[in-house]
Every structure is written in structure tokens, then in C-alpha cells.
Amino acid sequence: MRVSSIEAEMENPIDVDKTDVEGELKIKQVTLLRENIVKKIVFFLVAIFCSDRPSVLKKVFYEEVSKQEEATHVYVLASDLTDYIEEASLKENPEEGGEKSIYFVNRLQKYIYHKKQNKFRAIEYFIQGKSYSEIANNKPLATGRVDQLLAYYGKSEIEINVPSFLTLMWREFKKPINFLLYFGIIVWGIEQMYVSTAITVVFTTTINSLICIYIRGVMQKLKDACLNNTSVIVQRHNGQGYQEITVASNMIAPGDIVLFKREVTLPFDCVILEGSCQVTEANITGENVAIGKCQIPTDHHNDIFKYESSKSHTLFQGTQLMKIEDDILKVIVVRTGFGSYKGQIIRALLYPKPFNKKFQQQAVKLTILMATLLLIGFLSTLSRLLDIELPPLFIAFRFLDILIYSAPPGMPMLIAITNFVGLKRLKNNQILGQDPNSASQAGRIQTLCFDKTGTLTEDKVDLIGYQLKGQNQTFDKIQCQDPNNISIEHKLFSICHEVTKINNKLLGDLMDVKMAEFSTLDIDYDHEAKQHYSKSGNKRFYCIQVNQFHSEYQSMSVVCKEVDMITKEFKHYFFIKGSPEKIQSLSHVQSSEKAQLSTLINEGYRILGFGYKEIPQSEIDAFLDLSREQQEANVQSLGFLIYKNNLKPDTQEVIKEFKEACYNIKVISGDNPITTLKISQELEIVNRKNPTVIINFEETENVKSHLIITEIQPDNSTQVIDFSSAQNEQDYINKQMSYCCDAFLNNKSFCFSGKAHYYFQLKAKTDHISFKPEWVKMQDKSVQKIISFYQMLIINTNVFARTQPEQKQTIVRLLKESDQIVCMVGDGANDCSAIREADVGISFAEADGQFSSSYVSLSTSLSCVKRVLLEGRVNLSNSVEIFKGYLQVALLRYLGFLTLAYFYSSYSSGQMDWQALASGYFLVYLILGCNTPLKKLEKSVFDDNLFSIYNVTSVLFGFTLHILSIVGCVESLHASPIYKEVNSLDAENNFQFETQHNTVLNFNILINFFYVIISNHIGKPMKDRYYKNTIAIYYDLGLIYTCKCMILQVLLILEHTHHGLIFLILLLDQEFSSSLTVQVYFSLPMNLFLPEEFSLNFTQEVKKEKELLICNSSSTILEVDYNLRLNYFQQNF
């Protein structure tokens, strides 16, 4: 073993090479760091507080180094601009002759430094770029070599470490937001408010425990879904020769040659060396259909292996091996663990994209504003506190309370628990939520993007029949023919697919199965020739080569060998089927054929074109060696297959409700523009009474290509808009942009094709244009105009057709960049990347494909989207409600503290407990989590911007009202004949708790709690009315009864009472221990609560101090002597 020389200095930061094992979680740069242990020991609290701020930790506790042996950690900057600090070590790099290189793990993916390229690179088995012949010539690994590879690549398993409950609790408790809580607990402890401290600790621990239990449950479920420990047969070299041994699947290393002899769930990604099979990739794509896989073509020895173009030869981890066509399937393992395709999906789930923190950022700013107001209040009373010689420690407490009450630490926990309750409600409705952060985000959704097939429409399709080109007759069945002389289209229907027969049942893509059934020919497999075939009479039609369907080609094709089993004569055909536009582009099409296609599409059918060409016997070997593009050139179009794809039963009703609620609805489909438009018109997403503009593109050789803009009238007549008068390319773009702007203003609908996306992608490549927001303003005006044109089309278009998976992701990303909150709904197949890109993703797939989405519906009904949106509105409104209410209550309590300190008093520990627990700014907001969503979506104009005029005004109004109520209570008390003044602290130089100020302000706060809860409540259109929350109503009634406010019994009108406003004072026996003596209720205008004849009496000022008005249960008014008052209260309280 050779040891590397690692003394050479390295540049910081170091770039990271792209690989095929990172998936979406890529990293850009790595910086070598050395940890300063002394600083971490001295400033360990800072290290904990900044644990989620790697950039801060880097500056404080680490220093950059340029030598590998000096580095203890690395600073990682990811492609999504998140950053991490990871531990680093030296590891042998077998790709560089065993030299030691610096190595680290980021988000479960291993990276190692490559000296030759001066780049870091994710650890992967090198196969991409190798020729098929090189791969086919791989030999079994030596037994000793396997152990080295396992140490380098890791075990072949997706091992998800479910953190222990205590580990998760520690993560929760060390979040920076909780440090305010700890600060508050320390202050409360010094102030000897032990019960209040205990209540806070218990509630915090309980809420965090529930959250941690939920997280563990989700992770355990994911871990169970990833477990796939099985036994496999592997070929190894033991020094004397090759042998077949059975080992556990997790002990397989990349490069191992494995033999499959039975059906199994694949535990790794592998490439087929020998044999063919049928698999279902439902665990990956969400589509439970049989897919044929075959061995790599050994006769194409110079062809290069690429994962994207070699899917027909690649088996992915998690797929189910349904049928092995021959006795054995020989494969070479290429990707394992989190580097496999499934592993990449799981990594993306475990490390989701950073969510929008706008609400949190606004909350911090509003908290600072409130803290400023409290500081002003504190400073305004400071001179008084100093004049009465209040001990400095007490003044310090009041100052420190600013931090506690302006940024209540329990607030994030309350918001989290309401989100948790929302997820549980969704689970009861067969909707699984993966990310609690998306619970409130669903309430902000503005734009809904839907895949068409399987989402808006049913998964199943019906084959109506077919038409031959130039004929308008639709054949709903194959015409009777001589079985030994069937038509060319009959041959094509029977073999141009990847359908297989398992247990006498045809399995495969639904459209392929329908076509194969339509052909009526028997389908089988020839074990000797190792080929699928169909048969009719004496003829067999063998499939000798398959070009699988790919979104880039929009077609699938086969090379067919027709054999007469009696005469042994044979012919060769090339059959192709796919999008009709694709087939027409490959053949010479007459205008009549285009009109025929247009007629079929306008009837709303889903159309496949099909064609063929016969291959001369002398050319067949050369033809098989041609590329796919060359094989598909110059085919002869035959006609069209006609399918009908019906809407789901509830689609129309649900979409109508979305439209009435003013959501921006977009359909993003891979189907052709006209079919997608017809579905959109049927759902009234597009107004069929208005013209529709289709944006398309056709690349033409030797001619400068531009967008093709076609306008379709309501009567289905079409017109290609002519821009030939443009003087140059920029003028051409300006004219097209001007036309589109006018079309938008005239309420014309737009359909944007995938080829139009390709036009802008081509523009970006040839003209060096960047569509990234941070680069837009740095480019010249002509370029900015193109970017604006593209963005304008994406934002204003409602129908996207012939869209490839990566284009769907681009659409969602551009919508997000235009400040829209986007929800993507798909079936989990070609929509995974777009679903993950969206702010909220919803999938219908009951498979591992579901893990790309925030929510997974176990039913196929579109109503699940409605439920998610309704629940999101509840969570969002609860979050705003809790934030505003919790903050107002905290401010109210702090103002009470300041006021009481002004009069040598403070709240007792018991009163603090009562305020915090029974009166409920804690319990009540927990109960608010039980607010239920509405039954129907309504138009919402809810603004969760905490700095909106309404929200700021309501908070400031509440703040003002609280101050006025405190002033009113104190002034009323001072004017009362029973007022007793307190002029000093108690004998032990502590606050006095048994004072009238204490009781008055305590009851004032309790009553104001109800005002805060009710005034901040957000009902329709976000959630049900407050009175429909049964638990909250009963709880409130219980508090009212406890406070003796259920029945108004005594009203005392004081001299200074303003007309129309009353103070309701309930007197209690002063000997009632240290409890409450006077309750003051500052109400709204009394005529809202009392009959008119009473209002007339109450608005008169009563100047006799000993006159008392008692309103009993029979609503009669009595005048009694003041002495009777105490007797009355002694009997009734």
C-alpha cells in the first residue's frame, strides 16, 4: 500500500465534481478547516446557540487551512445555498492507487478529494462513460478485494438511523429559540415563581415530546420501507477460480457480479449482463406496470453507457423482479446504498429544500418593534421606580422581563403543536403529511399545478379504435383476415410494445396492454431465442430490438422479425408508435393527414401515431448497429390509435371549487396541446368561448428558428400568426412579445408547449443567457427582454403540453421566483422533480415515489387537494392568531408588572400560574388547535404579512386598549371609597402581594385575555367560526364561571364614568386570604349588553357613593345600603 504525499498546499475553496450518485442534493464547494478546541470550550454556549449557523461557527471556531493533514473539518456549500460543517478524516482512495485523501460525509453521501483533478467528488463506482464491451468483460471480484470496497463504498443498504427519543429532544431543546425560554426560567426562578416555571417546563417538554414521537414515527416508517435484507448469489474469485456463493445483500459491493434465479425486490442498482426480465418500478415511479429489461448489447461494443439512455438495461433498487425470461439473470452491481436511484430519493426526503421563512422573519421584526415599545414603557416608569427606592434587583428584573415578554419562547411550540394536530386530522382522512413545515405553507397557496393523466383523469384508458391515414373511418376492432396474411398495422399492434404475459395475464403500460389486447394475437416468450413474440397462424413476429419510450424522443420502437414457421421465410420491419407530431415529423405527411389528426384531437381523444418501414434482409445487421435517431428516420406513417381518458368522478366539482376560491390553476401535461386544452376547457380552466394561443417551436436547419404562435378560434379554426415583417431577430421577438401582451389583455388563453421551452433553453445556450434571478439585471437589455418574455409566458399560461419532467420542474421554479406560492399535484411518476420543487407537493402514489411530496393521498380522489388546502388555512390562521395573541398577552402582563411595581406590588406566584395556565394564553391556544376547517373552500384575501396595515393596526390598537384599561382600572380603584393606599415594600423589602392594585390588575388581565382571544380570532374564509369549536366554548364558559362573571350581579357606577361606558366591580371579602378582592371589568358600550330601559338609567351619573344597583336574575333593580353589600357577597361568593 502506497501512502500519499499530502504535504502540498491546496486552494480554498475546492470545487466539487458532478456525479450520478448525488441526486438533487449536490454541493458546490468545500473549504478545509481546522477546529479551535480552546474556543469551543470557552464559548461552548455560543457554539450551542449557533449550532444551526455554520457560517457563524466557521468564523468563530475554525480557521481555514490549505493542507489535508491539518484539516479536522470541512465547510460545505450546497447547490441550494445551504451550508454545513462536517468532520473530515484521511481515507485511502483506490481510484488513485491507494493514496490517502481527505474524506467527509455530507447528508449521508460520502465525498473524497481527487488530487489529479483538484476536486472533491462523491464516491461512486465508475461506469458512466464506459463502453458496453468494457462492462460486459468485467470479471468477478476477488474475495479479499470485496472487504476493501465495502470499507470504501459502504454496505449495500439504505440504512436510516432513527434517532433516539432523547437525541431528538436534545436537538429540540438546543434550538436557539429555546434559549429565551431558558433565560425566562432562570429569571422566574430567581423571582421565586417556582410553580409558573414548573408549568412552563412541563408544557415545553410535553409539546416537544409529542413532536419527537411524531418525527420518530415518520422516520421509522421510512426505515421500514427501505429495509430489504435478502440473500443473493454472487460470483467471487477465491484465488483458485470462480465460485458461486450466497451472501447477504448488504454485503454486496459495487463491481460484484450477481445471479438472480427467482423473483426478488432489487437491493441495489445493477446493469444486466446476460438475460432479460420483467420488472415493476412502482416503488420508484408510482406506476405499477410491467417493464421489460434486457442485457446490454454486446454487439454494440463502442456504444457508451449512460444511466439516462441505458434504462432498458438497468435495474434500480426497490424495483420488483416479476419474471426472469430465462433460467438466470446475470447483473453487475453499479450503485448501492444512498447512491442508488432510490437512495437519492430518500436522501432528498430526509433533507428537504429550505422552506420559506418569510413569516418567521416578519415575526422577529414585529417582536423587535414590541420590545421597543416595552422598552419605552420601562424607561417612562424608571424615574418613578427609582423615586420609590425600589431595590435595583427588582428594577433589573423588570428590564430583563422585556426579553421574556417581547419574544415569548413558548410561541413556536404552540404553532408547532397546531401544525401537528392538523397533520393528525389529515391522517384520519387518509392523507399522510411528511413535513410539519408545509402545514402552514399549504394555507398560503396561490397557484395549483396539476398533472393531467392520473391526476385530473383516471389512470385507466379505453382504446376506441384506430384510423388509417387518409381515412375517416374508425375501426373498433381488427377486420377479419387470413391469419397467415394479416395487415401491417395488425402486426404492429401485436409486437410494438413491452407487454409481457405473467400467469396468463398481460402486464405492462396500460396503453400498451390495451393495444396488445386489441390485436387479439397471442403473446409469448421464446426461451431458446430469448425474445418475445406474437403469433398468427403459421407466422411469428419476434421482437429482436427495443427502443424504450423516452420523453426526449416521445416514442418507442422495435425491430421485428417475421418468420413463417413452415417455409422458414422471414422479413424484417421497423415499427414505431408515439406522439402523432413525432411520427409525422419522421415521415412525409400530407396536409390531409394533418387535418385528420386535428379532427381527432379536437374531439378530445388521446392519440398515438404509428408507422413502419420494411428493412431489406441485406441491411438488417447494419440497421441494428444504427443509432436510434438513424433507425427512426424516414418511416412511413400508417395512422392513429384513438384512446379515451375520462376525468375522475370528482375532478369537475373540485376544480370548480378551486376556481370559485380564486386559485390560479395550471395544467402541466406530457400530452399533446389540443388534448390537454380540451380537458382544460371541459374543466373551465380555459374559457372555450375565447380564442386560445398555442406557443410552439420547430427547429429548422439552415434557417433561423423562432417561436411559432398559432391562434385557435372557438369554432376550432386556426391561424398561424405572421411575423415575417420583422427586420431582425430582436424585432421578431419584440413583435411576438407585443402580440402576446395584447392577447393577455384581451383574455385569450395560452397553451405553452415543451418545444417552446426548448426554444428558450436553446436561446440560453447559444446566447449565453442566464435565467437565474441574481444574474438577470447583470445582462444587457435585449437579453433581459427575452427573459421577461419567457417569465411572462410562464406566469400567464394556464395550459402546458408536451412537457418533459425537467421542464415541469422549471415551470414550478419560475412560478416561485415570481413570488407565487405553488402547489404541485401529480401521480408520482414523471412529476417527482416538480413536486419536490414546489412549496407544497401532493402525490397519489402508494409507493416510494410518494417521498418526493409533502403530502401523500392514499385515495385517488382529487378532494385530497381540497382537504390539504383547507387544513393549511387553519394552520396558517392559527399561526398568525397565536403569534399576535400570545404577543399581546405577554405585553399586557409586562405592563401589569410595571404598573404594580409603581405601587410596590407584583403578581404572586399563584396569580402567575393562574394567568399562564387556567386563563389560558397557553391552554386556550392549545385548544385553538382544535379549530376545524371549513367544508368548502371560499375566496380568501387573508394576508399573513405581520406588517400589513391590518395586523399592525390591530396589535397597536390592542396595545393601546390594554394601556387604557390599566389606567382606567387604577383610576377607578383610586376613586373608590374602599381604596387603601400602599406606600412601601413589605417588612422583608419584597413586593406586597395582598394589595388592591394586585387584585384589580389581575382581574383586568384575565378579562383582557378574552378580548385578545376573541378579537384575534380568524374565522371564515380560513376556518370555522369560534363558536363551532366546542372544546374552546366549554373551556371559556368554565373560566367565566370560575371568575364569577357568568351572571352579572353587582354594578357600581362611579362619578367619573363616561357616558356609554361602565366599570363592573365585584367586591369580595377582604379576609379571603391573599386572593382576589376586587374585580374590574372594562367593557364596551353597555347598550350592547343591556336592554334599552336599563341603558337609560345607567348612563346617568350616580353621585351618592353608597348607592348600589343590583341586577338579579329577574332583571329588577334594587337600591340597598352599603352595609348590605358585604352581607350579600358573603352569602353569594
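Backbone N, Cα and C atoms are what each Cβ position is placed from, and that goes for glycine too.
Note that the coordinates shown come from a computational prediction; the quantities given were computed from them, not determined experimentally.
Membrane topology per Swiss-Prot: F493 and K939 share a side, carrying the same topological domain name.
Swiss-Prot lists transmembrane segment at one of the ranges 251-274, 995-1018, 1067-1090, namely 995-1018.
Remote same-chain partners of the transmembrane segment (364-383), defined as residues 6 or more beyond its termini with a Cβ less than 8 Å from a stretch Cβ, comprise 395, 398-399, 402-403, 405-407, 883, 887, 891, 894-895, 898, 901-902, 946-947, 952, 955, 959. Long-range contacts of the transmembrane segment (35-53) within its own chain (CB-CB distance under 8 A, at least 6 residues past either end) are made by residues 60-63, 72-73, 174-176, 179.
Here the recorded positions are D451, D831, and the one ringed by the most other CB atoms within 10 angstroms is D831. Its Cβ taken as reference, D827 (Mg(2+) binding site) is surrounded by 22 other Cβ atoms within 10 Å in the chains shown.
Note: the CA-CA distance between D451 (active site, 4-aspartylphosphate intermediate) and D827 (Mg(2+) binding site) rounds to 7 Å. Long-range contacts of the topological domain 'Cytoplasmic' (932-948) within the same chain: residues 359, 362-363, 365-366, 425, 443-444, 657-658, 660-662, 866-867, 869-871, 873-874, 876-877, 879-880, 883-884, 1018, 1020-1024, 1028-1029, each at least 6 residues beyond the stretch ends and with a Cβ under 8 Å from a Cβ of the stretch. Note on the topological domain 'Extracellular' (384-396): residues 901-902, 904, 985, 989, 991 of its chain, located 6 or more positions outside it, place their CB under 8 angstroms from a CB of the stretch.
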